[in-house]
Amino acid sequence: MAANYSSTSSRKEHVKVTSEPQPGFLERLSETSGGMFVGLMTFLLSFYLIFTNEGRALKTATSLAEGLSLVVSPDSIHSVAPENEGRLVHIIGALRTSKLLSDPNYGVHLPAVKLRRHVEMYQWVETEESSEYTEDGQVKKETKYSYNTEWRSEIVNSRNFDREIGHKNPSAMAVESFTATAPFVQIGRFFLSAGLIDKIDNFKALSLAKLEDPHVDIIRRGDFFYHSENPKYPEVGDVRVSFSYAGLSSDDPDLGPAHVVTVIARQRGDQLIPYSTKSGDTLLLLHHGDFSAEEVFRREQKSNSMKTWGLRAAGWMAMFMGLNLMTRILYTLVDWFPVFRDLVNIGLKAFAFCVATSLTLLTVAAGWLFYRPLWAALIGCLALVPIIIARTRVPAKKLE
């Protein structure tokens, strides 16, 4: 299959050295000025990220509290209770679909919500390691390019290699990856909306041990189907296929019992659809396993808290990096004097750290101001602590 492509008999590598004149002071200053604009954009973006994150977190927390106070659990999932029409309901049950999902090309058939075919091709992959050094007034860059063969699920474009000759990859795969999804999914009498079906993503590898080779030119080894003359010694261009599934929808002697999920959504007839809260958010929750309504909302609150802190950290980091880029020009102005340069670098980083911390806390306080003014005032006071510490250290250094 790989006769038209490069041999994979050995790993190959080569080294390339490039050089350019050492940049002068004005050139470095010009590059730093460009970085200031990028830093300013990053700095401003961080305010938007932090502020909107607080609004999102509070809206989500309010919606979850509202949902917990309103949710009801039907007596049975096998009948539709008219009194729950339009209400937020808590449903627990095994998934069920109307027909099998299949890939007839490989003889795969099973009851599931989703069936994924994952395709990989054996290809050349280029890796590079670079190092820079100064020699005779020149900045030299030494790059070592290494070529190895690996199974990859995406096409690796060998035209972008530093040296394509001897490392050529096919431009397309003979087989494509895809995911089949059941059109109708039920829990008892209730049909899941598309949004709930999308949340069923707990994919598990499908064992191919009991399947036969579907064609003469396809060989099964372990949990892969190989389009190869010899799977033990693949060549560039060879393809292997594996399968995974999510949401087993019927008891199976090999795969186990049907998958059980817990859903919290709005009941509309026999449909489970998104529920709109008073705060303008929507509730459409699916958890894998059997959970009470209280457990589901507790898990969602924990997830919301983790996401909030993660975005706060990302906002702080963006602000810190933006300030570093904006103040980099001061470092460039003194980089000709090694000792003073290092002191300035430490001072600028400390300045960026203090300012980023203070502004992050103030932005968080502004986000909370409308909803929780007392907490906002407390955070605002904490935000002043780094600035006060920084200011009290300055006179001390002058006295030294």
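Glycine is treated like the rest: Cβ placed from N, Cα and C.
Topological domains recorded in Swiss-Prot put Val15 on the same membrane side as Val344.
Using a Cβ-Cβ cut-off under 8 Å and counting only residues 6 or more beyond its ends in the same chain, the transmembrane segment (369-389) has close neighbours at 58, 353-354, 357-359, 361-362. Distant neighbours of the transmembrane segment (32-52): 311-312, 314-316, 318-319, 321-326, 328-329, 332, 359-360, 363-364, 366-367; these residues of the same chain sit at least 6 beyond its ends, with a Cβ under 8 Å from one of its Cβ atoms. Looking just at the topological domain 'Nuclear' (390-400), the mean pLDDT is 56.
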